[in-house]
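Colleague: In case it helps, TrEMBL gives these features for our protein:
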type     : residues                                                       : note
REGION   : 63-164                                                         : region 'Disordered'
COMPBIAS : 74-145                                                         : compositional bias 'Basic and acidic residues'
DOMAIN   : 162-308                                                        : domain 'Clp R'
DOMAIN   : 295-348                                                        : domain 'ClpX-type ZB'
BINDING  : CYS307, CYS310, CYS329, CYS332, CYS368, CYS371, CYS390, CYS393 : Zn(2+) binding site
DOMAIN   : 355-409                                                        : domain 'ClpX-type ZB'
Amino acid sequence: MTLDEELLAKARTARERLVSLQHDAEIAQADYHYAIRVLHAGGGSMREIADALDLSHQRVHQVVDAGDPAAGRRSAERADRDRDRAERDRTRAEGDRDRAERDRDGAERDRQRAERAERRKAQAEARRERAEQRQARRTERRNRPEQSGGAEQSGPPGVPGYDQLFADTRHVLDLARDEAVGFGHNYIGTESLLLGLIRANQGNAGRLLDAAGVDLETARAGVERIIGRGAESTDAELVPMTPRAAKVVELALREARHDRADLARGEHLLLALLREGKGVAAQILAEADFGRYDDVRRRLGRAGLRCSFCGRDGLRTDRLIAGPGVFVCRECVDDAARLLAGEEPDSPETADRLALVASDSDREVATCGFCGKPGAEVEQLVAGPDTAICAGCVELCGQIADERSGSGR
């Protein structure tokens, strides 16, 4: 086939024009890229150049790197470093996941270990209780020959110094024996002594337990929760005392001697339960937030003292501040401070026992029972049924109460 010469000539002409245009475009592109690199070399940032020429930052970066082989290598190295860093991050994340998994496994092992330790502790406690019961039974057997020989037995078997106990304390032991039998226990433990004290509800011990809200129902529930009920039916006359309970009775006798008392009373038995501190009774008292041994002994020491404003005795208040022949409890100090601050009484009882001395005539005849200043010499005065206290003494008594609270006294 013969080509059309005229069309072939037009094709050749078009090709020559295209080659010429491509050459011009290559020159223009080279000039364009060169101008961009000159702009960058002159201090222009790639982002500024990209914004001015309506290019992407990445494109400007490629143009600049194409004219600088070293920059291209740096870009490649930077990309390699980024890939290495990403790989390290992935490796680190996997390591973190592995550690988290190991931590979870370790926590589970710790939990299982703690459960085993708790079971061992419970088993050890059960063994200790059984050992105490065996010891109590041995004590009972040792005492039986004396009983069968006609000697008079006083109180439950194994009670030390029974003849040194006051009548109300002996009654507590009888009630403790009843409580032990009622729970199906073949021994009298510290919990039985506490239940006996609560049931007796006599003297300072009864008042302290009542003021703390330790009632018979709550204490019985605590005993059942901690050691449960027994299944044995035991003759009440033969129920012995555990060594720990016998130790509590011995401590009660020491508390009585400390107070120079001839016989141990219920409050001495209560102090002994706190002082021994390891029995079920001590646990129940601690759960009831009854107070520590030192605090309870201090309260018993001021049992005969009363607040001159409200009449609370030393057993029913945590703090009792003394003046010359007068006393004020922490509660009345707080009530007086509120009155002095302009607040209304928080209850009708407070309004009945405390009032601001407002009139000048009343102030002339009133006197602060703590510092002795006449009412005319003080700015404010709070009067009670039998005495009064000035604002300065209210503040001082509050500071004393706070200091004693902070030091645990």
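Cβ from N, Cα, C; glycine included.
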Colleague: Looking at Cβ-Cβ distances, which residues of the chain lie under 8 angstroms from CYS307 (Zn(2+) binding site) while being 6 or more apart from it?
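Modeller: The list for CYS307 (Zn(2+) binding site) reads ASP313, THR317, LEU320, PHE327, VAL328, CYS329, GLU331, CYS332, given in order along the sequence.
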Colleague: Could you count the residues of the domain 'ClpX-type ZB' (295-348) that DSSP puts in helix, in strand and in coil?
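Modeller: DSSP composition of the domain 'ClpX-type ZB' (295-348): 19 helix, 8 strand, 27 coil.
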Colleague: I want to verify one value. Collapsing DSSP to three states, which class is CYS371 (Zn(2+) binding site)?
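Modeller: Going by the DSSP assignment, CYS371 (Zn(2+) binding site) belongs to neither helix nor strand, so it counts as coil.
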Colleague: Fewest other C-beta atoms within 10 angstroms of its own C-beta: which of the binding-site residues CYS310, CYS390, CYS393 fits that?
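Modeller: Ranked by other Cβ atoms within 10 Å, the binding-site residues CYS310, CYS390, CYS393 bottom out at CYS310.
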Colleague: Per-residue pLDDT averaged over the domain 'ClpX-type ZB' (295-348) comes to what?
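Modeller: Mean pLDDT for the domain 'ClpX-type ZB' (295-348): 81.
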Colleague: When you tally the Cβ atoms that lie within 10 Å of each candidate's Cβ, which of the binding-site residues (CYS329, CYS368, CYS371) has the highest tally?
Modeller: CYS329
Colleague: For a three-state summary based on DSSP, what are the helix, strand and coil counts in the domain 'ClpX-type ZB' (355-409)?
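Modeller: Tallying H, G and I as helix, E and B as strand, the rest coil: 26 helix, 10 strand, 19 coil.
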Colleague: What are the helix, strand and coil residue counts for the compositional bias 'Basic and acidic residues' (74-145) according to DSSP?
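Modeller: DSSP classes over the compositional bias 'Basic and acidic residues' (74-145) add up to 72 helix, 0 strand, 0 coil.
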Colleague: Quick one: give me the count of other CB atoms within 10 A of the CB of CYS332 (Zn(2+) binding site).
Modeller: 27
